[in-house]
Amino acid sequence: MPDVYGPGASQNDPIPAHAPRQQVLPEEYQRASDDELHRRIREAKDTLGDKVVILGHFYQRDEVIQHADFVGDSFQLARAAKTRPEAEAIVFCGVHFMAETADLLSTDEQSVILPNLAAGCSMADMADLDSVEDCWEQLTSIYGDDTLIPVTYMNSSAALKGFVGEHGGIVCTSSNARSVLEWAFERGQRVLFFPDQHLGRNTAKAMGIGIDQMPLWNPNKPLGGNTVSELENAKVLLWHGFCSVHKRFTVEQINKARAEYPDVHVIVHPESPMPVVDAADSSGSTDFIVKAIQAAPAGSTFAIGTEINLVQRLAAQYPQHTIFCLDPVICPCSTMYRIHPGYLAWALEELVAGNVINQISVSESVAAPARVALERMLSVVPAAPVTPSSSKDA
């Protein structure tokens, strides 16, 4: 039985064979107390000074976030690293595809480090290059000269970003997906969207595209499990991928929140299933959720459909509001949770000793077209800035 990503929503998502594996954390870090680990992290940071920058994703545990120089979403953080050209090492407290993106945007003189190589992303691993290339061949054999534009979500491997770059496509984030799809439809008749079906479906529906024009592509079936006529009728072809955390949210949870808190404002991430997004008051990226709470009048009540670490941090930072997670069962991103303070201390102390461990490096043959896809996205909608942060500014 293969190892699994973690508890809760992730329990049925086996780690694909190609996902990275992490060596055992040295025993001294396993045995160290929390206080000792935090002391060692601080001391290593002080020793390294400007030679290192630590990036912390919104979904990281607080014990890690407190040491981050920047806190934000994956693309904000990758771009934030560019503001520290003097940093020889970029330590990305996130997951594998995020570190890859940081490597794409960093200089040749900088090393990108992922403290725990086992911090992958089940959704990103649901679309691999071989399967996407096979899908592409099947679709282009049907569509002929009709232009098909590939769009990959930021939550994908560098190899897939390179694929879309080579095929006239583009990368999107959860905050700019609509603008990116509009860009794609200015250039082609159809879009192949991967790996997250829910973000693609929710975005296309908001643009007025019918559900019958959004067939799901299952890479394990001929023609993705569709008929030729269904594919010919398609406008957006959705890859059979999903986020293990966000698929947990349900309309029943929203109804329960409204029954208990009549004035509640329900915000969900667009990686949630379509019925959940439809039933919510608003949906948006992690940055959207943070800003909505920051701007709300005191005494507001929010039920939030996203990862629990972010929700709990917001509840602690904004005690003037009532903030809770839609899912009553704790729903962490279990792979993000693999970045334990012990791994961060280990990575930093190895840097102090002159050793670079767990380096994430994208080959130039992949990086060059992947950068093209990212640059196309930036030409459509520039990335929102992220400011330097203490642990408070997540």
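Glycine too: its Cβ is placed from the backbone N, Cα and C atoms.
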For the iminosuccinate site that Swiss-Prot gives with Ser74, Tyr153, Met154, Asn155, Ser174, His269, Pro270, Glu271, Thr286, which of His57, His67, His167 also belongs there?
His57
Can you see whether DSSP assigns His57 (iminosuccinate binding site) to helix, strand or coil?
strand
What other residues of this chain sit with their CB within 8 A of the center of the CB atoms of Cys121, Cys243, Cys333, the recorded [4Fe-4S] cluster site?
Tyr59, Val95, Ser122, Met123, Ala124, Asn155, Ser244, Val245, His246, Glu307, Thr335, Met336
If you draw a 10 Å sphere on the Cβ of Cys333 ([4Fe-4S] cluster binding site), how many other Cβ atoms land inside?
30
Neighbours of Cys243 ([4Fe-4S] cluster binding site) among binding-site residues His57, Tyr153, Glu271 (C-alpha cutoff 10 angstroms), in sequence order, are Glu271
List the residues of the same chain that sit at least 6 positions away from His269 (iminosuccinate binding site) in sequence and have their Cβ under 8 Å from its Cβ, in sequence order, or write 'none'.
Ser174, Cys243, His246, Ser283, Gly284, Ser285, Thr286, Ile289, Gly305, Thr306
Hey, does DSSP put Cys243 ([4Fe-4S] cluster binding site) in a helix, a strand, or just coil?
coil
